[in-house]
Amino acid sequence: MPQHQEQKQLTNNQKKFNPNVAMVLSILLAGLGQIYNKRYMKGISFIILEIAFILATFDFLWLGLWGIMTLGTIPGVDHSIYLLVYGIVSLIIIAFAVTLYVFNVRDAHKQAILLNNGKQPPSFKQAIRNGYDKAFPYIMTAPGLVLLIFTVVFPLLFAVALAFTNYDLYNSPPRNLVEWIGFNNFKDLATIPIWQDTFISVFSWTIIWTLVATSFQIVVGLVLAVLVNDKRVKFKKTIRTILILPWAVPGFVSILIFAAMFNDEFGAINRDIIIPLIGGDGLPWLTDPTYTKIVLIMIQTWLGYPFVFALFSGVLQSVSSEWYEAAEVDGATRWQKFRNITLPHVLFATAPLLIIQYTTNFNNFNIIYLFNEGGPAVQGQNAGGTDILISWVYKLTFDTNNYSMAAAISLIIGLIVSIFAFFQFRRTNSFKEEGNI
Amino acid sequence: MSPKLRSALELTGIYAIFAFMTVIILYPIVWAIGMSLNPGQSLYSSSIIPENWSLEHYKWLFTDPRSNYVTWYKNSMIVSGCAALFSVIITSVVAFSFSRYKFAGRTSALYTFLILQMFPVMMAMVALYIFLHLVGLLDSLTGLILIYVGSQIPFNAWLVKGYLDTIPRELDEAARIDGAGHFTVFWRIVLPLAKPILAVVALFNFMTPLFDFILPSIVLNSPENYTIALGLFNFINDQFSNNFTRFTAGAILIAIPVAVVYLFLQRYLISGLTAGGTKG
């Protein structure tokens with residue numbers, strides 16, 4: 001019997017506030033649903049906002065959408081690249097508007113249901129108060145978000161878009177139009193011999209570089225940290241300071257100094273060390289790719305180990321000595337102690353930062369470019385002998401102005417980087433920490 | 001072999017390794033200092049211990065009318081200072097929201113940040129150039145600062161959020177019961193406790209622009225707008241051997257204060273990184 005009554009009341013109310021009607025109304029025009037729900041102020045401000053938005057942005061959005069579809073139609077008049085920029089900005093604005101619209105529809109729907117369940121609509125003052133509470137995190141993040149969109153998201157979207165165009169030195173506005181060419185850049189990369197050869201050699205060197213240089217950094221850092229941590233070693237503080245020194249010197253200064261030291265003709269390494277000790281004319285550090293590669297890995301180890309060393313030193317000091325004592329009682333050898341206590345402890349605590357070391361080196365443009373500009377040149381390919389993907393992208397962009405191919409390679413870098421990101425996801429537990437407000 | 005002898009041998013080995021490392025670490029540094037004291041400009045005639053050393057390159061940097069060194073130094077301080085200040089403000093505010101509030105889009109934004117921080121700014125150079133050109137900020141320090149502040153958000157928001165998550169929420173709740181609003185909680189409770197990690201963010205964002213030369217080389221093109229890294233790089237970019245000694249002089253002047261600051265702060269840097277990093 002009470003059930004029946006409840007149902008009756010519900011149908012009564014449904015006549016008053018039908019959530020579906022509210023939803024449909026707010027889809028037709030933002031705010032109508034809110035007015036239907038008797039939230040007049042809210043509804044009217046939504047309507048005003050929507051009309052203002054349409055009036056203010058319609059022309060721009062139209063131009064942008066037309067631009068990104070066609071990239072211009074009249075050479076010399078339409079500037080394809082600006083049109084592409086307008087198009088991407090339009091898409092970002094539309095994405096925002098759609099998000100707000102969906103919010104409006106859901107709000108109308110939810111309000112109607114709440115009203116049906118007998119909840120009184122809040123007073124205007126209260127509504128403002130609730131609105132402030134709800135909006136606070138958005139207000140706080142908004143400036144950062146806007147900045148992020150324009151300096152990171154938009155440029156990345158632009159780079160993605162360029163990868164599917166033929167924008168290069170010969171097809172450059174305002175003289176010529178740029179066109180969408182689908183996956184042709186990627187096809188060229190895979191099929192045209194010079195691109196194919198270059199890509200394979202640059203890519204394989206990038207992988208070797210990342211793995212070897214970073215692993216060296218980590219191993220050297222770990223060994224030194226363990227050695228300094230030895231109970232018998234004295235002057236720990238002084239030794240630590242010296243070992244950390246390469247980190248304190250600005251990287252670009254050290255790299256340029258190394259570049260001068262390894263200069264084939266008048267560098268200190270050849271002049272003061274190799275020739276007096278071994279004789280001959282010195283080694284071709286900067287003119288033979290193999291030598292350059294070896295030197296690059298050594299320099300990166302020099303530059304990068306102190307960070308890992310400092311990191312490990314900090315963690316090592318937090319390993320409880322009781323564990324080692326317990327292991328000694330059980331008769332563990334030193335290697336076993338290291339293998340089963342030190343290593344897992346240290347690696348577990350620092351894994352995310354170590355993964356970042358790998359990604360940093362994968363895109364370590366500075367050392368490659370500053371040391372030898374990716375050189376020496378190699379026959380039969382259009383990148384230098386020690387170019388990694390990112391420095392090749394730089395050269396394609398600024399030396400040969402082959403923007404679209406540079407963007408295509410950037411996209412490949414992005415895909416590889418996402419794989420790293422995936423591993424980072426699995427390790428991270430920050431998502432479990434939920435906000436509570 | 002007696003354990004005592006064995007231990008002594010091991011210790012000698014360890015010290016030998018340290019000695020070897022010290023030589024490798026100090027050799028380039030000492031060599032660079034020696035270069036900067038050589039009177040000539042050519043790398044060929046210079047040696048690590050100059051026969052008649054002089055400070056002429058240092059003098060040239062500050063007194064010669066053709067030298068922009070002081071201007072570059074000033075520009076770098078402006079860029080680095082603003083980048084550090086605004087990074088701290090924006091990052092702390094964003095991280096606070098992500099750490100303390102539940103709101104629509106929060107999780108997807110966090111994932112987006114995680115992916116975005118992996119992408120190097122380098123990838124988007126062309127777009128940044130065109131964007132700055134469109135808004136008229138090319139060849140200006142403002143444009144440079146905007147890019148630095150914007151591109152650090154994903155990484156540092158994570159770092160700071162990780163740290164803020166370790167600050168007990170009970171503190172916020174207690175303050176709220178006492179009638180504190182959202183902003184008061186942020187300003188009076190959370191921010192003071194987050195000082196160590198914010199110092200790390202400030203330092204990172206001060207140092208990155210100071211020694212970055214690739215972004216300035218894209219954005220800036222008039223010598224009086226150069227930052228110090230870009231200016232120094234151009235000393236040796238054109239004729240390598242000719243201005244190298246001058247480059248070392250300029251580089252040492254900027255490297256010394258930085259090295260001192262780093263050596264003093266490295267302990268805090270590391271603890272800040274591991275606290276935010278392992279939990280984040």
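Placement of Cβ uses the backbone N, Cα and C atoms for every residue, glycine included.
Record features (TrEMBL):
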DOMAIN    A:203-424  domain 'ABC transmembrane type-1'
TRANSMEM  A:20-37  transmembrane segment
TRANSMEM  A:44-69  transmembrane segment
TRANSMEM  A:81-103  transmembrane segment
TRANSMEM  A:135-164  transmembrane segment
TRANSMEM  A:207-229  transmembrane segment
TRANSMEM  A:241-262  transmembrane segment
TRANSMEM  A:294-316  transmembrane segment
TRANSMEM  A:341-360  transmembrane segment
TRANSMEM  A:403-423  transmembrane segment
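Across A:20-37, A:44-69, A:207-229, A:341-360, A:403-423, stretch A:207-229 shows the highest tally of CB pairs under 8 A with the transmembrane segment (A:294-316). Contact between the transmembrane segment (A:135-164) and the transmembrane segment (A:81-103) holds: at least three of their C-beta pairs are under 8 Å, each pair 6 or more apart in sequence. If you look at the transmembrane segment (A:81-103), the same-chain residues 6 or more away from its ends with a CB under 8 A from one of its CBs are 30, 53, 57, 60-61, 63-72, 149, 153-154, 157-158, 161-162, 165, 167, 173, 178.
Within the chain, the transmembrane segment (A:341-360) has long-range Cβ neighbours (under 8 A, six or more residues past its boundaries) at 210-211, 214, 217-218, 222, 226, 304, 307-308, 311-312, 315-316, 319, 323-324, 327, 417, 420, 423-424, 427-428. Counting residues 6+ beyond its ends, the transmembrane segment (A:20-37) has Cβ neighbours under 8 Å at 43-47, 49-50, 100-101, 104-105, 107-109, 111-112, 115, 121 in the same chain.
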